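Participant: Handing you this structure, nothing more for now.
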Amino acid sequence: SSGEGLNKKQSSSTIRKYLVSPTKATTKPLACNDNVLASPKPSTNTNTQTTSKKTKTPPPPEKGRSVVEMLNATRSTITATAIINKDFPSMKRSYSAITHLDTANETWLNQPLKSRKRNYEKKDAYDRLTPKIVDMQSAQFIMNRSSQTTTPYLDTNNEGGSESYQEQVAKACGIEPTKRILSFTPTGPSTKHVDLRKNAPKPKLMTRTTALPNRHILSSPEKVLDAPYMDDDYYLNLLDWSSTNVVAVGLGKSVYLWSAETGSIQPLNYDTDDQVTSVSWSNDGAYLSVGTTGGDTQVWDVESNTKLRSMTGQECRIGVLSWDKHIVSSGGRNGSIWHHDVRMAKHNVRELYGHTDDVCGLKWRWDGQLLASGGNDDTVNIWDARSTTPKFTKTTHSGAIKALAWCPWKHNTLATGGGRDDKNIHFWDTVTGSRRHTIQTGSQVTSLNWSKHYNEIASTHGSPHNQVTVWEYPTLTKVIDIPAHESRILHSAMSPDGQVLATAAADDNLKFWRIFEANGKAPLGTERSRLTEKKESKLRRSHSIR
(Lines of atoms letter the chains of each structure in order from A and count residues from 1; the text may use other names and numbers.)
(Lines give C-alpha, C1' and ligand atoms only; values in the text may rest on other atoms or scores of the structure.)
Protein backbone atom coordinates (compact mmCIF):
# COMPACT_ATOMS: atom_id res chain seq x y z
CA SER A 1 0.00 0.00 0.00
CA SER A 2 2.87 2.36 0.67
CA GLY A 3 4.26 1.67 -2.77
CA GLU A 4 0.89 2.35 -4.35
CA GLY A 5 0.65 5.67 -2.56
CA LEU A 6 4.15 6.53 -3.62
CA ASN A 7 3.42 5.93 -7.25
CA LYS A 8 0.28 8.08 -7.10
CA LYS A 9 2.16 10.90 -5.42
CA GLN A 10 4.94 10.77 -7.96
CA SER A 11 2.53 10.77 -10.87
CA SER A 12 0.61 13.65 -9.39
CA SER A 13 3.74 15.67 -8.78
CA THR A 14 4.94 14.98 -12.30
CA ILE A 15 1.69 16.17 -13.84
CA ARG A 16 1.61 19.29 -11.73
CA LYS A 17 5.17 19.97 -12.68
CA TYR A 18 4.29 20.35 -16.33
CA LEU A 19 0.71 21.63 -16.18
CA VAL A 20 0.35 23.84 -13.14
CA SER A 21 3.29 26.04 -14.04
CA PRO A 22 2.03 28.84 -16.31
CA THR A 23 5.20 29.09 -18.35
CA LYS A 24 5.53 25.39 -19.05
CA ALA A 25 1.83 24.98 -19.71
CA THR A 26 2.08 27.70 -22.35
CA THR A 27 5.09 26.29 -24.17
CA LYS A 28 4.28 22.60 -23.74
CA PRO A 29 0.83 22.00 -22.29
CA LEU A 30 1.42 18.31 -21.74
CA ALA A 31 -1.09 16.20 -19.85
CA CYS A 32 1.01 13.11 -19.19
CA ASN A 33 3.79 10.95 -20.60
CA ASP A 34 3.53 7.70 -22.46
CA ASN A 35 4.59 5.55 -19.53
CA VAL A 36 1.91 6.88 -17.27
CA LEU A 37 -0.87 6.44 -19.86
CA ALA A 38 0.29 2.96 -20.68
CA SER A 39 0.75 1.79 -17.08
CA PRO A 40 -1.67 -0.95 -16.08
CA LYS A 41 -4.23 -0.64 -13.36
CA PRO A 42 -2.77 -1.42 -9.96
CA SER A 43 -3.93 -4.77 -8.64
CA THR A 44 -5.25 -5.45 -5.16
CA ASN A 45 -3.38 -8.77 -5.06
CA THR A 46 -0.48 -9.16 -2.63
CA ASN A 47 1.91 -10.18 -5.35
CA THR A 48 0.94 -7.17 -7.30
CA GLN A 49 1.64 -4.95 -4.36
CA THR A 50 5.14 -6.39 -4.05
CA THR A 51 5.81 -5.76 -7.68
CA SER A 52 4.50 -2.23 -7.50
CA LYS A 53 7.04 -1.39 -4.84
CA LYS A 54 9.85 -2.10 -7.27
CA THR A 55 8.28 0.04 -10.02
CA LYS A 56 10.44 2.99 -10.82
CA THR A 57 9.19 6.50 -11.01
CA PRO A 58 8.42 7.30 -14.68
CA PRO A 59 10.84 9.80 -16.17
CA PRO A 60 9.60 13.18 -17.26
CA PRO A 61 8.62 13.55 -20.89
CA GLU A 62 11.12 14.58 -23.40
CA LYS A 63 11.27 18.22 -24.12
CA GLY A 64 11.59 17.79 -27.85
CA ARG A 65 8.25 16.00 -28.34
CA SER A 66 5.46 17.99 -29.99
CA VAL A 67 1.86 18.25 -28.93
CA VAL A 68 0.68 16.07 -31.85
CA GLU A 69 3.04 13.29 -30.84
CA MET A 70 1.78 13.50 -27.32
CA LEU A 71 -1.82 13.27 -28.56
CA ASN A 72 -1.02 10.23 -30.67
CA ALA A 73 0.53 8.62 -27.66
CA THR A 74 -2.47 9.56 -25.58
CA ARG A 75 -4.89 7.83 -28.01
CA SER A 76 -2.83 4.68 -28.24
CA THR A 77 -5.24 2.72 -26.09
CA ILE A 78 -8.85 3.22 -25.03
CA THR A 79 -8.25 1.78 -21.62
CA ALA A 80 -6.02 4.70 -20.73
CA THR A 81 -9.05 6.92 -20.37
CA ALA A 82 -10.66 4.58 -17.90
CA ILE A 83 -7.42 4.35 -15.91
CA ILE A 84 -7.14 8.11 -15.76
CA ASN A 85 -10.78 8.51 -14.75
CA LYS A 86 -10.60 5.98 -11.95
CA ASP A 87 -7.05 5.90 -10.66
CA PHE A 88 -5.75 9.28 -11.71
CA PRO A 89 -8.50 11.82 -11.09
CA SER A 90 -6.11 14.68 -11.36
CA MET A 91 -5.47 13.83 -14.98
CA LYS A 92 -9.03 14.65 -16.10
CA ARG A 93 -8.48 18.35 -16.07
CA SER A 94 -5.26 18.11 -18.04
CA TYR A 95 -6.74 15.64 -20.54
CA SER A 96 -9.71 17.89 -21.10
CA ALA A 97 -7.45 20.86 -21.69
CA ILE A 98 -5.39 18.95 -24.20
CA THR A 99 -8.35 17.80 -26.27
CA HIS A 100 -9.50 21.41 -26.69
CA LEU A 101 -6.18 22.80 -27.92
CA ASP A 102 -6.30 24.59 -31.22
CA THR A 103 -3.18 23.34 -32.94
CA ALA A 104 -1.99 24.06 -36.40
CA ASN A 105 -1.83 20.36 -37.27
CA GLU A 106 -5.39 18.94 -36.94
CA THR A 107 -4.78 15.58 -38.53
CA TRP A 108 -5.85 13.89 -35.35
CA LEU A 109 -9.48 14.76 -36.18
CA ASN A 110 -9.48 12.01 -38.81
CA GLN A 111 -8.39 9.29 -36.41
CA PRO A 112 -10.66 6.26 -35.85
CA LEU A 113 -11.36 7.34 -32.29
CA LYS A 114 -13.13 10.51 -33.36
CA SER A 115 -16.44 9.17 -32.09
CA ARG A 116 -14.93 8.61 -28.68
CA LYS A 117 -13.77 12.21 -28.30
CA ARG A 118 -14.77 13.70 -24.94
CA ASN A 119 -16.10 17.17 -25.25
CA TYR A 120 -16.00 18.64 -21.78
CA GLU A 121 -17.11 22.10 -21.01
CA LYS A 122 -14.15 24.31 -20.26
CA LYS A 123 -14.61 26.47 -17.20
CA ASP A 124 -12.81 29.61 -16.19
CA ALA A 125 -11.94 28.32 -12.74
CA TYR A 126 -10.71 24.74 -12.55
CA ASP A 127 -11.69 22.57 -9.65
CA ARG A 128 -11.31 18.95 -8.62
CA LEU A 129 -14.85 17.91 -9.67
CA THR A 130 -15.14 15.30 -12.40
CA PRO A 131 -17.49 16.32 -15.25
CA LYS A 132 -19.89 13.85 -16.82
CA ILE A 133 -18.41 11.94 -19.73
CA VAL A 134 -20.41 12.30 -22.96
CA ASP A 135 -21.11 9.18 -25.00
CA MET A 136 -20.09 10.42 -28.44
CA GLN A 137 -21.08 7.25 -30.27
CA SER A 138 -24.64 7.42 -28.97
CA ALA A 139 -24.86 11.12 -29.73
CA GLN A 140 -23.55 10.60 -33.26
CA PHE A 141 -26.06 7.77 -33.81
CA ILE A 142 -28.94 9.97 -32.64
CA MET A 143 -27.81 12.84 -34.85
CA ASN A 144 -27.54 10.60 -37.91
CA ARG A 145 -30.99 9.13 -37.25
CA SER A 146 -32.62 12.55 -36.78
CA SER A 147 -31.00 13.88 -39.96
CA GLN A 148 -32.66 11.10 -41.96
CA THR A 149 -36.12 12.17 -40.69
CA THR A 150 -36.97 15.21 -42.78
CA THR A 151 -39.58 17.77 -41.92
CA PRO A 152 -42.32 17.81 -44.56
CA TYR A 153 -42.30 21.60 -44.60
CA LEU A 154 -38.58 21.72 -45.40
CA ASP A 155 -38.45 18.78 -47.81
CA THR A 156 -37.71 20.27 -51.20
CA ASN A 157 -38.71 17.06 -52.96
CA ASN A 158 -42.16 17.23 -51.40
CA GLU A 159 -43.78 19.96 -53.43
CA GLY A 160 -47.10 19.74 -51.58
CA GLY A 161 -45.41 20.13 -48.19
CA SER A 162 -43.30 23.02 -49.41
CA GLU A 163 -46.35 24.86 -50.74
CA SER A 164 -48.25 24.14 -47.55
CA TYR A 165 -45.39 25.51 -45.48
CA GLN A 166 -45.21 28.63 -47.66
CA GLU A 167 -48.93 29.17 -47.31
CA GLN A 168 -48.73 28.88 -43.53
CA VAL A 169 -45.83 31.32 -43.37
CA ALA A 170 -47.60 33.77 -45.68
CA LYS A 171 -50.79 33.52 -43.65
CA ALA A 172 -48.93 34.09 -40.38
CA CYS A 173 -47.15 37.13 -41.84
CA GLY A 174 -50.27 38.51 -43.48
CA ILE A 175 -48.82 38.30 -47.00
CA GLU A 176 -50.70 37.19 -50.07
CA PRO A 177 -48.67 34.45 -51.85
CA THR A 178 -49.56 35.79 -55.30
CA LYS A 179 -48.72 39.39 -54.44
CA ARG A 180 -45.28 40.93 -54.66
CA ILE A 181 -43.83 42.17 -51.40
CA LEU A 182 -42.32 45.27 -53.01
CA SER A 183 -44.61 46.80 -55.60
CA PHE A 184 -43.92 50.10 -57.34
CA THR A 185 -47.17 50.27 -59.31
CA PRO A 186 -50.62 51.32 -58.11
CA THR A 187 -52.71 48.50 -56.74
CA GLY A 188 -55.39 47.31 -59.17
CA PRO A 189 -59.01 46.73 -58.28
CA SER A 190 -59.67 43.73 -56.11
CA THR A 191 -61.12 40.63 -57.79
CA LYS A 192 -62.18 38.98 -54.58
CA HIS A 193 -65.83 38.02 -54.27
CA VAL A 194 -67.62 40.24 -51.80
CA ASP A 195 -70.74 38.84 -50.22
CA LEU A 196 -73.06 41.82 -50.05
CA ARG A 197 -75.35 40.04 -47.62
CA LYS A 198 -72.53 39.67 -45.09
CA ASN A 199 -70.97 43.11 -45.63
CA ALA A 200 -74.17 45.10 -45.91
CA PRO A 201 -74.97 47.23 -42.86
CA LYS A 202 -77.72 45.96 -40.67
CA PRO A 203 -81.03 47.80 -41.09
CA LYS A 204 -81.74 50.31 -38.41
CA LEU A 205 -85.06 50.40 -36.70
CA MET A 206 -87.16 53.32 -37.89
CA THR A 207 -89.38 55.13 -35.48
CA ARG A 208 -92.87 55.63 -36.88
CA THR A 209 -94.44 58.96 -36.05
CA THR A 210 -97.78 58.02 -37.60
CA ALA A 211 -99.61 54.72 -37.57
CA LEU A 212 -100.17 52.76 -40.74
CA PRO A 213 -103.75 53.10 -41.94
CA ASN A 214 -105.71 49.94 -41.32
CA ARG A 215 -107.06 48.74 -44.64
CA HIS A 216 -110.28 46.80 -44.41
CA ILE A 217 -111.73 45.10 -47.49
CA LEU A 218 -115.43 44.41 -47.26
CA SER A 219 -116.47 40.88 -48.12
CA SER A 220 -119.96 42.05 -49.07
CA PRO A 221 -120.85 43.92 -52.29
CA GLU A 222 -121.43 47.65 -52.24
CA LYS A 223 -124.27 47.37 -54.79
CA VAL A 224 -126.09 44.57 -56.60
CA LEU A 225 -127.96 44.87 -59.94
CA ASP A 226 -130.07 42.28 -61.70
CA ALA A 227 -128.64 41.04 -64.97
CA PRO A 228 -131.15 38.56 -66.40
CA TYR A 229 -130.46 36.44 -69.48
CA MET A 230 -126.71 36.56 -68.91
CA ASP A 231 -125.22 34.06 -71.34
CA ASP A 232 -123.13 31.45 -69.45
CA ASP A 233 -120.35 31.36 -72.05
CA TYR A 234 -116.68 31.57 -71.02
CA TYR A 235 -115.55 32.81 -74.46
CA LEU A 236 -117.66 35.99 -74.48
CA ASN A 237 -116.93 39.43 -73.02
CA LEU A 238 -120.17 41.20 -72.08
CA LEU A 239 -119.11 43.78 -69.44
CA ASP A 240 -117.10 47.02 -69.61
CA TRP A 241 -116.79 50.25 -67.59
CA SER A 242 -116.11 53.53 -69.40
CA SER A 243 -113.87 56.41 -68.41
CA THR A 244 -117.05 58.49 -68.04
CA ASN A 245 -118.27 56.15 -65.26
CA VAL A 246 -120.90 54.28 -67.29
CA VAL A 247 -121.26 50.50 -67.18
CA ALA A 248 -122.26 48.62 -70.33
CA VAL A 249 -123.55 45.04 -70.12
CA GLY A 250 -124.80 42.79 -72.92
CA LEU A 251 -127.81 40.62 -72.11
CA GLY A 252 -129.00 38.40 -74.93
CA LYS A 253 -129.99 40.69 -77.81
CA SER A 254 -129.87 43.86 -75.71
CA VAL A 255 -127.29 46.25 -74.31
CA TYR A 256 -127.90 48.22 -71.10
CA LEU A 257 -126.08 51.28 -69.82
CA TRP A 258 -125.94 52.07 -66.10
CA SER A 259 -124.54 55.38 -64.82
CA ALA A 260 -122.58 54.97 -61.60
CA GLU A 261 -122.98 58.67 -60.82
CA THR A 262 -126.74 59.04 -61.26
CA GLY A 263 -127.82 55.40 -60.98
CA SER A 264 -129.90 55.72 -64.17
CA ILE A 265 -130.30 52.79 -66.57
CA GLN A 266 -130.61 53.31 -70.33
CA PRO A 267 -131.06 50.55 -72.92
CA LEU A 268 -129.24 50.84 -76.21
CA ASN A 269 -131.43 50.99 -79.32
CA TYR A 270 -130.08 47.71 -80.56
CA ASP A 271 -132.25 46.58 -83.46
CA THR A 272 -130.26 43.62 -84.80
CA ASP A 273 -131.39 40.01 -84.70
CA ASP A 274 -127.89 38.79 -83.87
CA GLN A 275 -127.02 38.12 -80.27
CA VAL A 276 -124.59 40.42 -78.48
CA THR A 277 -121.27 38.62 -77.86
CA SER A 278 -118.94 41.46 -76.76
CA VAL A 279 -118.91 45.11 -75.71
CA SER A 280 -116.03 47.60 -75.30
CA TRP A 281 -115.74 51.35 -74.62
CA SER A 282 -113.46 53.72 -76.50
CA ASN A 283 -110.66 55.41 -74.57
CA ASP A 284 -112.58 58.66 -74.12
CA GLY A 285 -115.85 56.89 -73.19
CA ALA A 286 -117.82 58.55 -75.99
CA TYR A 287 -118.28 55.47 -78.17
CA LEU A 288 -119.27 51.89 -77.54
CA SER A 289 -118.38 49.03 -79.84
CA VAL A 290 -120.61 45.94 -79.93
CA GLY A 291 -119.70 42.54 -81.39
CA THR A 292 -122.31 40.11 -82.66
CA THR A 293 -122.66 36.47 -83.56
CA GLY A 294 -122.97 37.44 -87.23
CA GLY A 295 -119.44 38.88 -87.41
CA ASP A 296 -120.41 42.56 -87.29
CA THR A 297 -118.54 45.16 -85.26
CA GLN A 298 -120.85 48.06 -84.49
CA VAL A 299 -119.93 51.53 -83.23
CA TRP A 300 -122.48 53.49 -81.17
CA ASP A 301 -122.66 57.09 -80.07
CA VAL A 302 -123.83 56.79 -76.46
CA GLU A 303 -124.86 60.41 -76.01
CA SER A 304 -127.26 60.30 -78.94
CA ASN A 305 -127.96 56.57 -78.55
CA THR A 306 -127.41 55.98 -82.28
CA LYS A 307 -125.40 53.46 -84.27
CA LEU A 308 -122.70 55.24 -86.26
CA ARG A 309 -121.56 52.32 -88.42
CA SER A 310 -121.39 48.57 -88.69
CA MET A 311 -118.11 47.08 -89.90
CA THR A 312 -118.54 43.67 -91.48
CA GLY A 313 -116.43 41.10 -93.25
CA GLN A 314 -114.98 38.93 -90.50
CA GLU A 315 -117.84 36.42 -90.96
CA CYS A 316 -117.57 34.75 -87.54
CA ARG A 317 -118.64 35.40 -83.99
CA ILE A 318 -116.83 38.39 -82.48
CA GLY A 319 -116.05 37.27 -78.94
CA VAL A 320 -113.80 40.13 -77.83
CA LEU A 321 -113.12 43.81 -78.67
CA SER A 322 -110.38 46.28 -77.66
CA TRP A 323 -109.82 49.97 -78.46
CA ASP A 324 -106.67 51.97 -79.17
CA LYS A 325 -107.55 55.58 -80.01
CA HIS A 326 -109.41 55.38 -83.36
CA ILE A 327 -108.61 51.68 -83.91
CA VAL A 328 -110.95 49.00 -82.62
CA SER A 329 -109.61 45.45 -82.78
CA SER A 330 -111.91 42.43 -82.93
CA GLY A 331 -111.13 38.80 -82.17
CA GLY A 332 -113.04 36.18 -84.13
CA ARG A 333 -114.02 32.61 -83.53
CA ASN A 334 -111.91 31.51 -86.52
CA GLY A 335 -108.70 32.73 -84.80
CA SER A 336 -108.37 35.97 -86.77
CA ILE A 337 -107.84 39.49 -85.41
CA TRP A 338 -108.92 42.51 -87.42
CA HIS A 339 -107.95 46.14 -86.93
CA HIS A 340 -110.78 48.53 -87.85
CA ASP A 341 -110.11 52.22 -88.38
CA VAL A 342 -113.43 53.89 -87.54
CA ARG A 343 -112.47 57.01 -89.51
CA MET A 344 -112.05 55.26 -92.83
CA ALA A 345 -114.59 53.83 -95.21
CA LYS A 346 -112.37 50.79 -95.77
CA HIS A 347 -112.16 50.07 -92.11
CA ASN A 348 -110.12 46.82 -92.24
CA VAL A 349 -106.57 48.16 -92.10
CA ARG A 350 -104.81 45.01 -90.86
CA GLU A 351 -105.45 41.33 -90.22
CA LEU A 352 -103.52 39.18 -87.75
CA TYR A 353 -103.42 35.40 -87.82
CA GLY A 354 -101.70 33.86 -84.82
CA HIS A 355 -104.37 31.56 -83.40
CA THR A 356 -105.96 28.38 -84.61
CA ASP A 357 -109.11 28.59 -82.48
CA ASP A 358 -111.47 31.06 -80.87
CA VAL A 359 -109.86 34.36 -79.81
CA CYS A 360 -111.38 35.06 -76.39
CA GLY A 361 -108.86 37.53 -74.90
CA LEU A 362 -107.67 40.81 -76.46
CA LYS A 363 -106.09 43.83 -74.77
CA TRP A 364 -104.12 46.85 -76.05
CA ARG A 365 -101.45 48.35 -73.85
CA TRP A 366 -102.14 51.92 -72.75
CA ASP A 367 -99.55 53.41 -75.16
CA GLY A 368 -100.86 51.45 -78.18
CA GLN A 369 -97.50 49.87 -79.02
CA LEU A 370 -98.28 46.29 -77.97
CA LEU A 371 -101.38 44.11 -78.26
CA ALA A 372 -101.91 40.91 -76.25
CA SER A 373 -104.22 38.16 -77.47
CA GLY A 374 -105.31 34.86 -75.94
CA GLY A 375 -107.19 31.99 -77.50
CA ASN A 376 -108.79 28.63 -77.03
CA ASP A 377 -105.66 27.09 -78.61
CA ASP A 378 -103.84 27.63 -75.25
CA THR A 379 -101.67 30.33 -76.83
CA VAL A 380 -100.77 33.87 -75.83
CA ASN A 381 -99.45 36.19 -78.55
CA ILE A 382 -97.84 39.58 -78.00
CA TRP A 383 -98.05 41.72 -81.13
CA ASP A 384 -96.13 44.82 -82.14
CA ALA A 385 -98.52 47.42 -83.57
CA ARG A 386 -96.32 47.82 -86.65
CA SER A 387 -96.06 44.11 -87.49
CA THR A 388 -98.35 41.31 -88.59
CA THR A 389 -96.30 38.58 -86.88
CA PRO A 390 -96.23 38.04 -83.13
CA LYS A 391 -93.32 39.45 -81.19
CA PHE A 392 -93.64 36.63 -78.65
CA THR A 393 -95.76 33.49 -78.64
CA LYS A 394 -96.31 31.72 -75.32
CA THR A 395 -97.74 28.23 -75.01
CA THR A 396 -97.19 27.76 -71.29
CA HIS A 397 -100.88 27.60 -70.44
CA SER A 398 -102.73 24.32 -70.79
CA GLY A 399 -106.17 25.90 -71.17
CA ALA A 400 -107.96 28.72 -72.94
CA ILE A 401 -106.64 32.19 -72.11
CA LYS A 402 -109.36 34.78 -71.67
CA ALA A 403 -107.93 36.85 -68.77
CA LEU A 404 -105.38 39.45 -69.93
CA ALA A 405 -104.22 42.57 -68.05
CA TRP A 406 -101.42 45.10 -68.59
CA CYS A 407 -99.88 46.49 -65.40
CA PRO A 408 -100.48 50.28 -65.19
CA TRP A 409 -97.35 50.95 -63.11
CA LYS A 410 -95.04 48.32 -64.69
CA HIS A 411 -95.66 48.90 -68.34
CA ASN A 412 -93.68 45.88 -69.54
CA THR A 413 -95.57 43.41 -67.35
CA LEU A 414 -98.46 41.39 -68.72
CA ALA A 415 -100.64 39.07 -66.62
CA THR A 416 -102.41 36.13 -68.25
CA GLY A 417 -104.87 33.66 -66.71
CA GLY A 418 -105.72 30.15 -67.87
CA GLY A 419 -109.06 28.40 -67.98
CA ARG A 420 -110.47 25.29 -66.35
CA ASP A 421 -107.68 22.96 -67.51
CA ASP A 422 -104.88 25.33 -66.48
CA LYS A 423 -105.91 27.46 -63.44
CA ASN A 424 -102.63 29.43 -63.43
CA ILE A 425 -101.73 33.11 -63.60
CA HIS A 426 -98.47 33.94 -65.38
CA PHE A 427 -96.63 37.26 -65.35
CA TRP A 428 -94.58 38.05 -68.46
CA ASP A 429 -91.80 40.49 -69.24
CA THR A 430 -92.71 41.83 -72.67
CA VAL A 431 -89.18 43.15 -73.30
CA THR A 432 -87.37 39.83 -72.96
CA GLY A 433 -90.36 37.53 -73.33
CA SER A 434 -89.48 35.72 -70.11
CA ARG A 435 -91.91 34.62 -67.46
CA ARG A 436 -91.40 36.39 -64.15
CA HIS A 437 -93.86 34.74 -61.77
CA THR A 438 -96.63 32.17 -61.63
CA ILE A 439 -99.60 31.73 -59.29
CA GLN A 440 -101.40 28.42 -59.04
CA THR A 441 -104.94 29.48 -58.17
CA GLY A 442 -106.67 26.11 -58.05
CA SER A 443 -109.68 27.28 -60.07
CA GLN A 444 -110.60 28.62 -63.50
CA VAL A 445 -109.32 32.17 -64.08
CA THR A 446 -111.94 34.26 -65.90
CA SER A 447 -110.56 37.83 -65.62
CA LEU A 448 -107.68 39.92 -64.22
CA ASN A 449 -107.61 43.57 -63.08
CA TRP A 450 -104.59 45.49 -61.75
CA SER A 451 -104.96 48.02 -58.96
CA LYS A 452 -103.99 51.63 -59.63
CA HIS A 453 -103.36 52.41 -55.96
CA TYR A 454 -101.68 49.27 -54.61
CA ASN A 455 -99.14 46.78 -55.86
CA GLU A 456 -101.92 44.25 -56.21
CA ILE A 457 -103.97 42.42 -58.79
CA ALA A 458 -107.52 41.04 -58.53
CA SER A 459 -108.52 37.79 -60.19
CA THR A 460 -112.01 36.33 -60.67
CA HIS A 461 -112.63 32.61 -60.75
CA GLY A 462 -115.08 29.90 -61.61
CA SER A 463 -115.86 26.70 -59.76
CA PRO A 464 -115.48 25.49 -57.11
CA HIS A 465 -115.47 28.76 -55.10
CA ASN A 466 -116.56 31.43 -57.65
CA GLN A 467 -114.47 33.94 -55.71
CA VAL A 468 -112.65 37.22 -56.13
CA THR A 469 -109.02 36.96 -54.98
CA VAL A 470 -106.61 39.83 -54.37
CA TRP A 471 -102.89 39.11 -54.73
CA GLU A 472 -99.95 41.26 -53.73
CA TYR A 473 -97.33 41.70 -56.43
CA PRO A 474 -94.53 40.71 -56.78
CA THR A 475 -94.62 38.74 -53.50
CA LEU A 476 -97.71 36.88 -54.81
CA THR A 477 -99.17 36.87 -51.31
CA LYS A 478 -102.90 36.34 -51.12
CA VAL A 479 -104.51 39.41 -49.54
CA ILE A 480 -108.14 38.27 -49.41
CA ASP A 481 -110.58 35.74 -50.82
CA ILE A 482 -114.14 36.98 -51.35
CA PRO A 483 -116.88 34.42 -52.12
CA ALA A 484 -118.68 36.59 -54.67
CA HIS A 485 -121.32 34.61 -56.59
CA GLU A 486 -123.30 31.41 -56.52
CA SER A 487 -122.08 30.45 -60.00
CA ARG A 488 -118.84 31.06 -61.86
CA ILE A 489 -117.83 34.65 -62.48
CA LEU A 490 -117.79 35.29 -66.22
CA HIS A 491 -116.83 38.97 -66.56
CA SER A 492 -115.35 41.84 -64.56
CA ALA A 493 -114.52 45.52 -65.05
CA MET A 494 -112.68 48.15 -62.98
CA SER A 495 -114.08 51.60 -62.24
CA PRO A 496 -112.24 54.58 -63.76
CA ASP A 497 -110.95 55.65 -60.32
CA GLY A 498 -109.55 52.14 -59.75
CA GLN A 499 -111.37 51.48 -56.48
CA VAL A 500 -114.48 49.42 -57.32
CA LEU A 501 -114.59 46.12 -59.18
CA ALA A 502 -117.77 45.04 -61.00
CA THR A 503 -118.41 41.33 -61.52
CA ALA A 504 -121.06 39.55 -63.59
CA ALA A 505 -121.91 35.87 -63.22
CA ALA A 506 -124.28 33.27 -64.57
CA ASP A 507 -126.47 33.72 -61.47
CA ASP A 508 -127.94 36.82 -63.23
CA ASN A 509 -126.31 39.24 -60.78
CA LEU A 510 -124.08 42.25 -61.36
CA LYS A 511 -122.18 43.12 -58.15
CA PHE A 512 -119.87 45.98 -57.19
CA TRP A 513 -117.00 45.46 -54.74
CA ARG A 514 -114.98 48.24 -53.14
CA ILE A 515 -111.65 46.45 -52.98
CA PHE A 516 -108.97 49.08 -53.63
CA GLU A 517 -110.03 51.94 -51.35
CA ALA A 518 -107.78 54.89 -52.21
CA ASN A 519 -107.94 56.71 -48.82
CA GLY A 520 -106.42 59.79 -50.40
CA LYS A 521 -103.85 57.78 -52.37
CA ALA A 522 -102.96 59.04 -55.80
CA PRO A 523 -102.99 56.49 -58.62
CA LEU A 524 -99.71 54.64 -59.05
CA GLY A 525 -97.45 55.92 -61.81
CA THR A 526 -98.06 59.64 -61.16
CA GLU A 527 -95.52 61.98 -59.54
CA ARG A 528 -97.60 62.32 -56.40
CA SER A 529 -98.06 58.57 -56.11
CA ARG A 530 -94.30 57.96 -56.40
CA LEU A 531 -93.59 60.24 -53.44
CA THR A 532 -96.40 58.66 -51.44
CA GLU A 533 -95.19 55.21 -52.41
CA LYS A 534 -91.71 55.87 -51.03
CA LYS A 535 -93.12 57.09 -47.74
CA GLU A 536 -95.45 54.12 -47.40
CA SER A 537 -92.72 51.64 -48.30
CA LYS A 538 -90.58 53.05 -45.49
CA LEU A 539 -93.46 52.73 -43.05
CA ARG A 540 -94.17 49.21 -44.27
CA ARG A 541 -90.52 48.18 -43.79
CA SER A 542 -90.50 49.72 -40.32
CA HIS A 543 -93.70 47.90 -39.47
CA SER A 544 -92.31 44.58 -40.73
CA ILE A 545 -89.10 45.01 -38.72
CA ARG A 546 -91.07 45.66 -35.59
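Cβ from N, Cα, C; glycine included.
When I checked TrEMBL for this same protein, it listed these features:
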COMPBIAS  1-15  compositional bias 'Polar residues'
REGION    1-65  region 'Disordered'
COMPBIAS  39-52  compositional bias 'Low complexity'
DOMAIN    225-513  domain 'CDC20/Fizzy WD40'
REPEAT    269-310  repeat 'WD'
REPEAT    352-393  repeat 'WD'
REPEAT    482-515  repeat 'WD'
REGION    526-546  region 'Disordered'
COMPBIAS  527-536  compositional bias 'Basic and acidic residues'
COMPBIAS  537-546  compositional bias 'Basic residues'
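Could you give the neighbours, burial and distances for every feature on this list?
Facilitator: Note on the domain 'CDC20/Fizzy WD40' (225-513): its mean pLDDT in the predicted model is 95.
Long-range Cβ contacts of the repeat 'WD' (269-310) within its own chain (Cβ-Cβ under 8 Å, at least 6 residues beyond either end) map to 231, 236-244, 246, 248-255, 257, 316-325, 328, 330, 332, 338, 340, 342, 347.
Outside the repeat 'WD' (352-393), and at least 6 residues removed from its termini, the chain residues within Cβ reach (under 8 Å) are 234-237, 317, 319-325, 327, 329-333, 335-339, 399-406, 408, 411, 414, 416, 418, 422, 428, 430, 433.
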Participant: How many helix, strand and coil residues does the repeat 'WD' (269-310) contain under DSSP?
Facilitator: 0 helix, 22 strand, 20 coil
Participant: List the helix, strand and coil residue totals of the repeat 'WD' (352-393) as derived from DSSP.
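Facilitator: Helix (H, G, I), strand (E, B), coil: 0 helix, 23 strand, 19 coil.
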